[in-house]
Structure formats: C-alpha cells, structure tokens
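Quick notes on the structure that follows.
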Amino acid sequence: MQILCNLPGKRMRRTGWWASSLCGAIGAGLLLGSAGPARPESPPAAGTSIVVATEAAAGRTREPAVRAKQFMVAATNPIAAWAGYDVLAENGTAVDAMIAVQLVLNLVEPQSSGIGGGALLLVFDAKAGKLTGLDGLETAPRAADGGMFLGPDGKPVPFGAAAVGGRSVGTPGTLKLLLEAHKRWGRLPLDRLFRPAIELADKGFAVSPRLAALLTGDTAEALKRDPRARDYFFPGGQPLQAGQAVRNPDFADTLRFILSNGDGPFYLGPIGADIVAAVQGAAVNPGWLAPIDLEIYRVVERQPVCVPYRAWRVCGMAPPSAGGVGVGQILGLLEHFDMRKAGPDSAGTWHLFAEAGKLATADRDRYLADGDFVLVPSSGLVDNTYLTTRAKTMSEDRAAPVPAKPGNPPRRAGQEWSSDTSTEPSDTSHVSIVDADGSVVSLTTTIEGAFGSHLMVRGFLLNNELTEFSFLPFAGGRPVANRVEPGKRPRSSMAPTIVLDQQGRPVLVIGSPGGGRIIPYVAQAILGVLDWGLNMQQAIDLGHVVNLNGRTELEAGTPAAGLKDDLAARGHDVVVTVQDSGLQGIQIGPDGLVGGSDPRREGVAVGR
C-alpha cells in the first residue's frame, strides 16, 4: 500500500516503514505533537523498492527545533534515532539507547561507523552527578612502526593509496566501548538493545539516499576489490539504489553470536580471526593486525577536559581526541571579545572565529596525540593565562598570516615536537541522548573515511583509522607527536561535548562528524546557543565558517558565503565550499528539551 508523505512544498509517495522514515528524514523537525518527525512503520519486503525524493541525498530543508519533556535522541539517521526512542520509552537509560542507535547505524549508515571502528563517549550520570569519558579509539598493531605509510623512496605515500586495504586498519574499539558502557550505566538487557539491529538485518531495510550517492566513482571501484563488500553493496553488479530494500544476515548472525558469547569471539575467537585474515590477506595493502592486538585491546577511561566559558563549563574528550582541547581553545580565545554584542550577522564575528580556528589548529598539529605515549600539555593549552596571551595576538581588523605558529603553553620539560598536518576524512557519525533520569550521552563514532578500509567482515566494514597518524614520523629533525607507534591511538578531532552550568548540571549536549572541521562545527553551534540565544536547531543551521590554519572556508548556499568580500578585505584567503557537518544536539532546560539535527545529512531529533 502506498500513501502520500505531506511536507511543506513537496509531496512524495511512501511505502511502508522505511519510506515513512525517509519522509521524516526530509521533513525532520515537523512535529508529532512536538516530539519529532513521523516514525517508521514496518520494514519493506526484500526485493521491493521505495519511491524517494531526489533532493534527499543533498540534505533536507531547514525545519523548526524539536521539543520534548521527558527524553530525546538526536542521531544522523531516522531509523537509528527511533530505535533509541523506543528504548527510552521502555525506561532504558541514555546508554541503553546509545547501544541500540549505534548498532542500527552500523546497518543504515555503514559508510560512517560500526563495530569495525572506534568511538569516543562522554556520559553524564545524573544520579552520581559525574561526567566520565571513555576512549574506544582504534590502536595501531604491535608490529606497526613510524614508516608504515612511507614508500620505498622514504616519502609518504598518497593518502588515497594508504586509506584502502589492510594497512590502514586499527584494532576496533566500538564494540568493547558499548559493552563497557552497558556494564556501568545500562539498565535493559543486551538482547533488547541488540534486537532492532538484528530484526532490521534479518527482515530488510531501505538504502538511504546518502549511502546510495556514495556508491559511485573511485569509492565503488575500491569496494569492489573486496568480494564481501562487492556482493553486499553491488548485488548483481549494480550499486544499491536509494529506497532499495536490502538484508544483512551476516551482521544479524554476528550480533547473535556476540549476545550469546560476549565480546570474546570478537577479540579472542572466530570473529577476530576473520578480521585478522581480512587485514593480512587484503588484495590491496595487506596489513599487520594480529590476534594479539585484538586480545590486548582495552577501553580507556579518560578525565574530560572542561574549560570555563562565561557562565558555563564546556567539557569534551581528552587526548588522543583533539576535540576537548580544540573546542575549549576556540571558545577560550573568543571569550576575550564581545561575541554576544557582535552577533552572528557581523563579518567581524566570523573574522575572529576564523582567527581563533587558526590558533587552535596550530596547537593541535604541534602538541596533541595519544597521552599514553606523548606528554600532552592539555591543561596548559586551555590555561586562561595562556589563552589570554594568544588572544592578544588576534587583531579585530586584520587576518594574521598563515600558517599561524603554535604557542608555548605551560608544560613540563620534555621532548620538543614538530607539527603534523595530516588529512582527516569526514565520514563519522554522532549521537546525542538525554534520558528521563537526566543522564546524558554524547557519542562520536567512526570507521574514519567513507567505508573505512573498504574491507568487510561478517556484515560490517573495518576502519581505516590508522591514516589519522602522521605519515611522517619526523619533520625538521624532530619527532611528530602523532607519529605511528605500536599500540598507540591516532589523534582524532572527534569532539563529543557536554556543557554544564555553574551548578554542574548539563545544559547542552552536542557533537558532529566532519573530520578536522568537527572542532569549529561544534564550537560554532555552542556559540549560537550560549552567546546569541539561538535554539539548538537554529544554531546547527548557521552557515559554517572554518579555518584550519589555512584558507578561510565559507559554506556555499548559506549567508556565510556572503561574507567573502568583507573577509577578503581583512586579509583572509577565502574559498566558498560545501560543508558536510552532521551536528546532533539537545538543549536541556527547566522547560524541557530542545533538539536539533543537521539538515546537511539525514538525521532527526525525536523525543517525548
């Protein structure tokens, strides 16, 4: 049976469960009551197709914020968001909902995250009044060394050549992080939390427009080199189409096996053996991952980095995440200027924002890496005196030359480093959740580049996270802090963030995909809410201005593009370009919850 999905300015036919979700994805922000878009119904039969609007692949139109009283989920895919909603409606915790959401994302957004990758998690436990960070990023194999991405001539291989195949695969951490979080903060049994993904994998789900659009060009050719990926993404030799129903019984079986046996089969048993075989036997760039690397993998608890900003504390992940320090630095620098008075319509505002981005990126590239291997001056980088000194170098009228030089933060004497300017792909995912108890989750999760290593094992893709290391172990006669070392975690710009008020209560949870641009994406949205009084959706909708210590990027098709002449007159090297953030955020206040989801991707915020 077909019915019509009615959205402002458009009508589209839908058939069944996933078609309903696509209506929600395109029209997200249209409220059921005031709690979000239309929810999915029942899954389509395998082999059927669903008519979808062609514009869905390019993102949806901007819509109002979503409001709720009890709980809320904001995620990059509507099917995943509603899976989390159902868990919360059954009195599950924010972490319970997170597990359901992540496993469904593994299916419906396989190009961005999954149990073959890594994740960073911030949890605010309302009962304990405590904020905790868990690091589930991938690790380099014990056999790795600083030259693993150097060619025979001693020069770095091209990024594209390194990213595909077994060499780029790090030890996955997402599954272990999910299970560790459940031990600490879960309430519902794991079989309930795995159920949505298992049922979807068994019965079928529809391919999203964004996924279908990515199955072209060089990506398609790389995926076809792996027989399992080829058979899944190109059945009958043709790429999956938007709306096409697809099943993933291998992934369903994998989840059942984990439910019955814990994470042992993944890290010590047959699933792990298949991961190692895929990596070492890859047709392109065979890798060095070994059984021992899986066996010794551990999730690491890290003290969050919290930076005061006006009347709030902005908290993020500690290194190897650059997110907590980077977001904190941008805001800490801008606190020295009257951003509230200037407002979001002033070119001067975005000039200063770009200048702060330059300085934060310069420090990131010099100092930030895995703190278990490198003495990282995290507290010094966000020290108020240090940021005051750095802010004094920012002119309100003229852009500083690029690249900006890193600063000299307070730190213990030790090794001096050279800067790393590695490329960081943007295919990641983010989930923000608030439960009925007031606990909060901010999860950023990744397999790094689109489709990771392009290697598929038992229904999920393996990451290519190791390409986030510096390809050069030394530069200018000094080591690079983010160089490859055995067992080390690569630096990541993922920035799961929770903002606390002066009483230590959460008022905002946010994060985004977007590679190195994640840090300015998140900082900009926080400015929108805290300084300019925008609601969550309005802050997410702001046109992006990004400077990663080079050109100043203005988001095409937004008011930000209109700043080009003014910023150029101030000395910026300006480029207008498409931006691909996927911000997911929730405001928490006395009147309830206000959620927003990025129109640049396919996500929604839903709540009750």
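Cβ from N, Cα, C; glycine included.
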Same L-glutamate site per TrEMBL - residue from Glu468, Glu485 joining Ser492, Ser493, Gly515: Glu468
Residues near Ser493 (L-glutamate binding site) in space but at least six apart in sequence (CB under 8 A): Ser321, Ala322, Gly323, Gly326, Arg364, Glu424, Gly514, Gly515, Gly516, Arg517, Ile518, Ile519
Set of same-chain residues at least 6 away whose C-beta sits under 8 angstroms from Thr428 (active site, nucleophile): Ser112, Ser113, Thr444, Thr445, Thr446, Glu448, Met494, Pro513, Gly514, Gly515, Ile518, Gly582
Among Glu468, Ser492, Gly515 [binding-site residues], residue with fewest other Cβ within 10 Å: Gly515
Residue counts (helix, strand, coil, in that order) that DSSP gives for the region 'Disordered' (589-608): 0 helix, 11 strand, 9 coil
